[in-house]
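Participant: Below is a structure I'd like to ask you about.
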Amino acid sequence: MISSDAEYIRAGREKDQTSPNKARQPFVPNTVLSPLQASRLNQRQGAYPAKGRIAFELGPNSYSEIGKQWNLSDFEIGRKLGRGKFGRVFCVKEKQTGYICALKCMNKTELVEYRVENQFQREIEIQSNLLHPNILRLYGYFHDAKRVYLIVEYAVKGELYKHLQAAGRFDEVKASKYIYQMADALQYLHKKNIIHRDIKPENILVDSNGDIKISDFGWSVHSASRRATMCGTLDYLPPEMVERKTHDSRVDIWSLGILTYELLVGTPPFEEAGQEETYRRICKVDLKVPSFVPRDAVDLIEKLLRHDPHERMELRRVASHPWIVRNKPFWAMAK
């Protein structure tokens with residue numbers, strides 16, 4: 001029996017929100033891919049087309065390191081994990097192995113309509129070549145007449161943003177653990193000449209062990225040269241982007257500082273009701289830190305949030321910062 005969510009994927013139509021089929025119990029995933037298992041599903045980069053064609057001529061219908069030609073019938077469709085502007089994400093089980101993954105289903109027509117084909121293809125190209133414990137894995141992809149499907153690592157606990165909303169703000173033990181992991185992952189990306197450019201809690205997932213995974217590489221670029229494109233999320237934009245100057249990988253260091261503040265306080269540091277006022281505070285680095293934030297955490301935030309990109313703390317130094325070192329012995333409790 002095909003679930004209503006699976007029918008949505010197969011038939012290419014919206015799920016009827018008034019459907020009485022609410023008693024269906026999706027399978028409950030009780031396992032996720034180990035690194036060894038994941039390697040069997042790892043995707044091999046393919047050739048990607050020029051923009052503008054709904055046909056999305058991606059070459060063969062799928063790519064996989066093990067040579068398998070993926071299609072939708074290879075997966076049992078479970079519950080919906082989320083919904084984005086261009087599609088949905090489902091928890092799925094690969095039938096042959098029983099491995100649990102997430103399946104990101106993107107509508108080709110909408111990708112073309114909103115002119116984000118290049119951004120989407122860039123996400124595939126970049127993420128498929130990354131292997132780091134704090135970066136979400138892309139195992140493979142396949143496509144049919146209507147959709148492109150990405151087979152990605154399943155982060156059981158979902159978006160970091162939802163956890164932050166529920167908690168209001170994190171204690172410094174949990175926050176320091178996340179910032180350490182983020183700094184390590186960003187350092188890995190920068191060594192590969194990749195700038196993420198859209199670090200924020202909504203683009204960070206949490207796995208079953210309470211470790212974070214950077215996701216959403218749609219705005220990422222290979223940083224062979226300095227760039228001038230405005231991108232990312234308003235509250236996380238660095239001064240050089242607001243001022244429309246060229247930027248490099250140091251934009252991610254600024255974003256790490258914003259993230260540190262938001263995890264500890266619950267809101268971004270320069271957030272205002274109006275866009276122009278937010279821009280003004282960013283450019284002035286008008287930082288106001290509540291008194292409950294530990295002094296050594298404030299020191300880290302201030303060293304990451306420097307107007308001059310060259311004055312920002314190097315990512316390799318984050319791990320040895322006193323705030324990180326002081327909290328590290330307690331991370332085992334921060335699940």
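A Cβ is built for glycine as well, from the same backbone N, Cα and C atoms used for every other residue.
Not my notes, these are from TrEMBL:
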type	residues	note
ACT_SITE	D198	active site, proton acceptor
BINDING	K85, K104, E153, Y154, A155, E202, N203, D216	ATP binding site
CROSSLNK	K200	SUMO2 cross-link
DOMAIN	75-324	domain 'Protein kinase'
REGION	1-27	region 'Disordered'
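For each feature listed, report its degree of burial, its nearest neighbours and the pertinent distances within the displayed model.
Facilitator: For D198 (active site, proton acceptor), other Cβ atoms within 10 Å of its Cβ number 20.
Non-local neighbourhood of K104 (ATP binding site): G87, R88, V89, Y149, L150, V152, each in the same chain, at least six residues away, with C-beta under 8 Å from its C-beta.
Summarising the environment of K200 (SUMO2 cross-link), the number of other Cβ atoms within 10 Å of its Cβ, over all protein chains shown, is 20.
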Participant: Based on the record's binding annotation for ATP (K85, K104, E153, Y154, A155, E202, N203, D216), what whole-number value in Å is the widest Cα to Cα distance?
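Facilitator: So the maximum pairwise Cα distance among the ATP binders is 20 Å.
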Participant: Considering the binding-site residues Y154, A155, N203, D216, which residue's Cβ sits among the greatest number of other Cβ atoms within 10 Å?
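Facilitator: Per the Cβ count, the most surrounded site is Y154.
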Participant: How does the model score the domain 'Protein kinase' (75-324) in terms of mean pLDDT?
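Facilitator: Summarising the domain 'Protein kinase' (75-324) by its mean pLDDT gives 91.
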Participant: Near D198 (active site, proton acceptor), meaning Cα within 10 Å, which of K85, E153, D216 (binding-site residues)?
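Facilitator: Hits: D216.
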